[in-house]
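S.K.: The following block contains the structure, expressed as structure tokens.
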Amino acid sequence: AAESFNYKKFFEMVGLKKKSPEDVKKVFHILDKDQSGFIEEEELKFVLKGFTPEGRDLSDKETKALLAAGDKDGDGKIGAD
């Protein structure tokens, strides 16, 4: 359902909080499709498809909320750190 994505619940479900820094970096590099060293909004929109082929695209609102959660320096993208 549209607008049903809860990034906190998602992180718990995929267990990112319990992963080693090395494993988190592996996930980061998978999601960083253009290998720019950052996950931009356009890459983030398709994050669920990175975990399951049946995953849906995030809505713009959901994408922006997830981006804001991971964008610690406010530059509009998520860095590996």
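Any Cβ shown, glycine's included, is placed from N, Cα and C.
If you look up TrEMBL, you'll see D32, D34, S36, F38, E43, D71, D73, D75, K77 marked as Ca(2+) binding site. Feature annotation from TrEMBL assigns domain 'EF-hand' to 19-54, 58-81.
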S.K.: Residue list, the domain 'EF-hand' (19-54) vs rest of chain: Cβ under 8 Å, 6 or more residues beyond ends.
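M.R.: Residues packing against the domain 'EF-hand' (19-54) from afar: 5, 60, 63-64, 66-67, 70, 76-80.
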S.K.: Using other CB atoms within 10 angstroms as the count, which residue among the binding-site residues D32, E43, D73 scores least?
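M.R.: Each of the binding-site residues D32, E43, D73 was scored by Cβ atoms within 10 Å; lowest is D73.
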S.K.: If we count other C-beta atoms within 10 Å, could you say which of the binding-site residues S36, K77 has the fewest?
M.R.: S36
S.K.: Go ahead and report the DSSP secondary structure tallies for the domain 'EF-hand' (19-54): helix first, then strand, then coil.
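M.R.: Taking the domain 'EF-hand' (19-54) as a whole: 19 helix, 3 strand, 14 coil.
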S.K.: Mean pLDDT for the domain 'EF-hand' (58-81), as a whole number?
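M.R.: So the average pLDDT across the domain 'EF-hand' (58-81) works out to 92.
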S.K.: Taking helix as H, G and I and strand as E and B in DSSP, count the residues of the domain 'EF-hand' (58-81) in helix, strand and coil.
M.R.: 11 helix, 3 strand, 10 coil
